[in-house]
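Before any comments, here is the structure.
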Amino acid sequence: MSEKKINLLDLDRKGLRALFTEMGEKPFRADQLMKWLYHFGVSDFEQMTNINKVLRAKLAARCEVVAPEISSYQKSADGTIKFAINVGNGQEVETVYIPEEDRATLCVSSQVGCALECTFCSTAQQGFNRNLTVSEIVGQIWRVSHFLGFQKETGERPISNVVMMGMGEPLLNLKNVMPAIDIMLDDFGFSLSKRRVTVSTSGVVPALDILGDNLDVALAVSIHAPNDELRDVLVPVNKKYPLQEFLAAIRRYLAKSNANRGRVTLEYVMLDHINDSTDQAHELAELMKDTPCKINLIPFNPYPGSPYGRSSNSRIDRFSKVLMEYGLTVIVRKTRGDDIDAACGQLAGDIRDRTKRLAKKRMQDSQISVTIN
């Protein structure tokens, strides 16, 4: 049986340098290879003309460059593109490209499904299958960059920002997420600024501390409720890591970080008559008084079978005004791609559910009980 080839997209620069050293080559060859892979999108070793023929033959014998394929895509009226990415075994994750005047953002997935059970999120209702590999994470950027067009003459890439807000909880896949981020930030990789790579988390506290000890990127936190009682229902990981523990971990992260400029981005999905009253706005402002933040209010994006509705514009406006009275920076997020189910909370993909959550969900949908405000 032939030895399985090494997928070079699974290795950050440290891993590539170790590989070249083991092959009896100079470590700087890793820098050359990364530039071909990530600046120019080249996967054919024969096109890597500043690498000698003998080494190209060695690489072809032992290594490969394999990114997951795009199965299909949909384009929204606002220019947003949702990609279905085939990650093997008949399963797909979803990746969303969001073009704006001053940036082009790619929302990438970190898991096939999600192990958390946030009750308002379509991905969470699908259950969980597995973590994505490094090559499957960076491969989303690589493949979409090919779709959009690498600038092969200049090395300019079509994606300026990456947000890890797709399917899955990134901090439950740190083993693969951290080297993937290393590749995003590396000057020979995708060469993104640490302020242009955002990791979002629902509050896996120990993993947030590990992330802060190893990487400095922008942080977004999914709060969605101003107290533990409601958050236990909406974001069940809160039962293990309550709000005060989560906020303390956020402050520890901010103390180590330059990318966040001293404040975290707080994500708060607006659920009609669930978490959107003015009393809850006051409660949220008091909760965050010791944690510097800017607050993104996200109009809920309904999906089939969801027990929640979207807050009215008037309720969102009143909620926002209360927060601003406390001197907080508040942004009401403009919904993008909702006509193709590409908006926040709508990503579902095609998941073989190891948790059997879909079957459980059918029995539990009518049992969700939250205080109406």
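Each Cβ is built from the backbone N, Cα and C atoms, and glycine gets one as well.
Computed from a predicted structure; not experimentally measured.
Taken verbatim from Swiss-Prot:
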type	residues	note
ACT_SITE	GLU94	active site, proton acceptor
DOMAIN	100-339	domain 'Radical SAM core'
DISULFID	CYS107-CYS344	disulfide bond
BINDING	CYS114, CYS118, CYS121	[4Fe-4S] cluster binding site
BINDING	GLY168, GLU169, SER200, SER222, ILE223, HIS224, ASN301	S-adenosyl-L-methionine binding site
ACT_SITE	CYS344	active site, S-methylcysteine intermediate
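Feature map: Swiss-Prot annotations on the structure.
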| residue | record | DSSP class |
| --- | --- | --- |
| GLU94 | active site, proton acceptor | strand |
| CYS107 | disulfide bond | strand |
| CYS114 | [4Fe-4S] cluster binding site | coil |
| GLY168 | S-adenosyl-L-methionine binding site | coil |
| SER200 | S-adenosyl-L-methionine binding site | strand |
| SER222 | S-adenosyl-L-methionine binding site | strand |
| ASN301 | S-adenosyl-L-methionine binding site | coil |
Model confidence over the domain 'Radical SAM core' (100-339) (mean pLDDT, whole number): 94
Most crowded position, judged by CB atoms within 10 A, among SER200, SER222, ASN301 as binding-site residues: SER222
Cα-Cα distance linking CYS107 (disulfide bond) and SER200 (S-adenosyl-L-methionine binding site), given in Å to the nearest integer: 11
Least buried by Cβ count (within 10 Å) of the recorded positions CYS107, CYS114, CYS118, CYS121, ILE223: CYS118
DSSP-derived class (H/G/I helix, E/B strand, else coil) of CYS121 ([4Fe-4S] cluster binding site): coil
Cα distance (Å, whole number) from CYS107 (disulfide bond) to HIS224 (S-adenosyl-L-methionine binding site): 20
Cα distance (Å, whole number) from SER222 (S-adenosyl-L-methionine binding site) to CYS118 ([4Fe-4S] cluster binding site): 10
Integer Cα-Cα distance in angstrom, CYS107 (disulfide bond) to ILE223 (S-adenosyl-L-methionine binding site): 19
